[in-house]
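Quick look at what TrEMBL lists:
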REGION    1-59  region 'Disordered'
COMPBIAS  20-39  compositional bias 'Acidic residues'
TRANSMEM  120-142  transmembrane segment
DOMAIN    125-303  domain 'Amino acid permease/ SLC12A'
TRANSMEM  154-177  transmembrane segment
TRANSMEM  198-219  transmembrane segment
TRANSMEM  252-271  transmembrane segment
TRANSMEM  278-301  transmembrane segment
DOMAIN    414-696  domain 'Amino acid permease/ SLC12A'
TRANSMEM  417-437  transmembrane segment
TRANSMEM  457-483  transmembrane segment
TRANSMEM  503-521  transmembrane segment
TRANSMEM  557-575  transmembrane segment
TRANSMEM  581-603  transmembrane segment
TRANSMEM  615-639  transmembrane segment
DOMAIN    710-828  domain 'SLC12A transporter C-terminal'
DOMAIN    830-1030  domain 'SLC12A transporter C-terminal'
Amino acid sequence: MPTNFTVVRVKDSAGKATEGNDEDVDENNVLKEEEEDATGDGVPKENSPFINNTDNDKANSYDGTNMALFEEEMDSNPMVSSLLNKLANYTNLTQGAQEHEEADDDEGTKKKTVKSPQMGTFMGVYLPCLQNILGVILFLRLTWIVGTAGILESLAIVGLCCSCTMLTAISMSAIATNGVVPAGGSYYMISRSLGPEFGGAVGLCFYLGTTFAGSMYILGTIEILLTYIVPKAAIFVAERKEDEVDALLNNMRVYGTCCLALMAIVVFVGVKYVNKLALVFLACVILSILAIYAGVIKTIFEPPDFPVCMLGNRTLQNHNFDKCLKTEIKDNITVTTQLWNLFCEGPELNATCNEYFDNNNVTEVQGIPGLTSGVISENMWPEYGPLGMLVENKKLASVPGGDPKQDIYMPYVVNDITTFFTLLVGIYFPSVTGIMAGSNRSGDLRDAQKSIPIGTILAIATTSFIYISCVVLFGACIEGVLLRDKFGDSVKGNLVIGTLSWPSPWVIVIGSFFSCCGAGLQSLTGAPRLLQAIARDGIVPFLQVFGHGKANGEPTWALLLTAGICEIGILIASLDAVAPILSMFFLMCYLFVNLACAVQTLLRTPNWRPRFKYYHWALSFLGMSLCLALMFISSWYYAIVAMAIAGCIYKYIEYRGAEKEWGDGIRGLSLNAARYALIRLEDAPPHTKNWRPQLLVLLNLDSDQGVKHPRLLSFTTQLKAGKGLTIVGNVLEGTYLTKDTESKKAEQNIKACMSAERTKGFCHVVVSSNLRDGVSHLIQSAGLGGMKHNTVLMAWPGTWKQSNDPQSWKSFIETVRETTSAHQALLVAKNVDSFPTNQDRLGEGTIDVWWVVHDGGMLMLLPFLLRQHKVWRKCKMRIFTVAQMDDNSIQMKKDLQMFLYHLRLDAEVEVVEMHDNDISAFTYEKTLVMEQRSQMLKQMQLSRTEREREVIYKSFPKSNVRRMHTAVKLNEVVVNKSQGAHLVLLNMPGPPKNRGGDENYMEFLEVLLEGLNRVLLVRGGGREVITIYS
């Protein structure tokens, strides 16, 4: 639906228009604002570069009265006229990166004015894509692929690969037209769509693919040079036929390394000349293709004369003979030929010859019979075979003979590798890569959102037509044995595709040579810049050194690394072995482009509004599936290695990389998933089997907003082991308007401490008029929906006696009461600063549990959770329970051991006898019988004496003297048994209902904990948290 805008001209009381002030905004100021807003890590501020950039506008502030109502807003929000002016002057430079227009910051020079981009669709996208897609595989391997796979399967290979790139181009067009695409192209699109983890992993895969593409082009250059232009330049020459392959590979390594060094120097010294020569290299490609089509047309009228010599039905290498004859007559005398000498022990007519040579005749067939010859029917079907298989023409007669093992020593044309369909897919796929050449130049395009989709899709359509037509035409014009002759050995070492071209094979040879040179230079130019962009984004810490370069921005260190990785491909030396490697990395990149488009489309994020409308999530998923299938079709082990590399990079960035917020689709997917899970998660207590402590940690801060007890966070990490919910809360006293800055500082400090202690969770700082209300608000409102805390963890107020302000201990007791009222468990850590850090490893020792009253099983569950962490792993668990005079201690111990057995907990059990009746409230009836009386302990019967004792006790007044006596007696027992324990867990008595006894309550707890080092007081939430059932 079109949107109409009306611009209303506003005049002030003096009758002057307000337009003049806004026109004074200098373009350099706009660029300066962009430079200040860019954070250096590729993360623009949320409202950059158009909002909150009013520093330069203040000099041009509005003096009139018509807009006086909004004058205070202008401090943070610009006028619409100013905004539109900035939009008009906005340039799509890479965010966070300084390109060639800017010198290094150390030089102190100012940013140059950037020229507005002027390249259109044809020059900026179509031709670069055409140049990158068409290349070495077309000239060196396509004829061999057609001969080996047959026309039908070759069309299937081309169709699969071209469909993959077309679907990827559609997805890429949608992403590229969803807003301004800064210079940086494909990496920028993927990283900003899928987030820093996927962006870094896929960006590095794309970098490795581009680097190995450079290796492939250099190997193609050297293969053309040594095989077709100057074969005599070879350093390593095979003396025996079986050593020819090794000699060729060694030559490729030596010449490839020299060529790589030369190209790297060219790129380092004069990259601008590489860019200027791009059109020359493209012209070579186009002329070569035109020469092929011209040659095909010429075969209709006058096929070229390239005879192939056949012995029986076997193809011969004709490097060492001129005439395809066994003997010839000279001066009426029959003499042997050079061919005779290759198969016989001497030139004599009666010399001993190879048996197959004796049994079969020598014939010549035309290598290129022509378009109308009908040879297309013979080339329809595949001819796969193992390494060393002879290239044969099944139509010709052949008499078997001789030892097949000796055939490798004869001048036959043979397979140099084992061939099969999936191998050919991996070798062919690099010939359709290069579709992102246009998006990589997005910074130079006049209208990137229009040019990228049209140019890329047209380029893919053009190259797909070229490939499909070439497959059909090669199969229709060239004899099958010549097609399967990879290096043209049967036509005196001519390039097979060159034999078809017009006016001369040298057109293709020279054209393909310069084409490969140019493509290699382009790869060595593009790959370092891609690595530099990734390094400057700061998402992979160990790559930051590669973000630096020369004063003009040239990526020197990145070029060195690229050359080093490229050398690995050259040492492999085989074009057929390198091609599947780069196929993997490009397919991985294309897979994630499709994934990015699909995710954004399905999430329907408000910012997903591509101008390119011809996309659909189903097409993106189809493209993604096709990429994944092609990866495993090409080479399943390379696919696994590539995915493992990407996975390792992903995890590395996730754990060590800088956190970025790019508004990416994965973050949106996480938000949708979280919303879906929260809605499904019932706002009700979970089943006992799913219960785990969801912690609200109440932290105290000092006057500088620093965390007082960081060991509390360490203990949280050890207790949670990264699982469940953790909310770290703090309360600041005051009002939010006055404490806003302090609140943010406190939140930053808490998050920094959480990061240092590896506590995974959320931070919640509340500003309240008083601390008591703030803690109450946290306990009531922290969490969301079903993801709420069920346990509160806090430190014991160790200075409550020294404090003159009674609020410190009153606040503590009120927190105890509120957690009880909210049915939440409470954990209070005494001497928390002596608790172990995450780096400590406690040796042999115990975690002692004093189970006095039943709390739902919290006391037994907590040690089990702690022992999952490596800090407490070597500690043993001991459970102590208290028996009265009339209790059967032996039976209690047996029952408790049986209970722990059914709970699947390993612990030592000890029953401690207390001979006074002062602790009768903590009887065995209140402990084991209530724990699982109906399920496990049916055999236990309460005696009449126990019932009488309970009735007698209830008739006694609960005086402070008795409470203190209880605390002293229990403390003596605990200290006697557990003074050397690493941690003591103890039931926390509840506060008195009469608030007048609160201070005495604190004294009771102090006496109870006296003489113990690390103590965790535990108060249950009033529900079962552990069960014997599965």
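In case you wondered, yes, glycine gets a Cβ from its N, Cα and C as well.
Beyond the transmembrane segment (557-575), the same-chain residues lying 6 or more positions past its ends with a Cβ under 8 Å from any Cβ of the stretch are 136, 140-141, 208, 211-212, 214-216, 218-220, 223, 249-250, 252-253, 256-257, 260-261, 264, 267-268, 524, 527-529, 531-532, 535, 545-546, 548-549, 581. Within its own chain, the transmembrane segment (615-639) has Cβ neighbours under 8 Å at 160-161, 163-164, 167-168, 170-171, 173-174, 422-423, 425-426, 429, 580-581, 583-584, 587-588, 590-591, 594-595, 597-598, 601-602, counting only residues six or more beyond its boundaries. Take the transmembrane segment (198-219) and the stretches 120-142, 417-437, 457-483, 503-521: counting Cβ pairs under 8 Å, 503-521 has the most. Between the transmembrane segment (154-177) and the transmembrane segment (503-521), the number of CB pairs under 8 angstroms, six or more residues apart, is fewer than three, so the stretches are not in contact.
When DSSP labels each residue, the domain 'SLC12A transporter C-terminal' (710-828) comes out as 58 helix, 26 strand, 35 coil, counted as helix, strand and coil in that order. Contact between the transmembrane segment (417-437) and the transmembrane segment (503-521) does not hold: fewer than three of their C-beta pairs are under 8 Å, each pair 6 or more apart in sequence. Each residue in the domain 'Amino acid permease/ SLC12A' (414-696) has a pLDDT score, and their mean in this model is 86.
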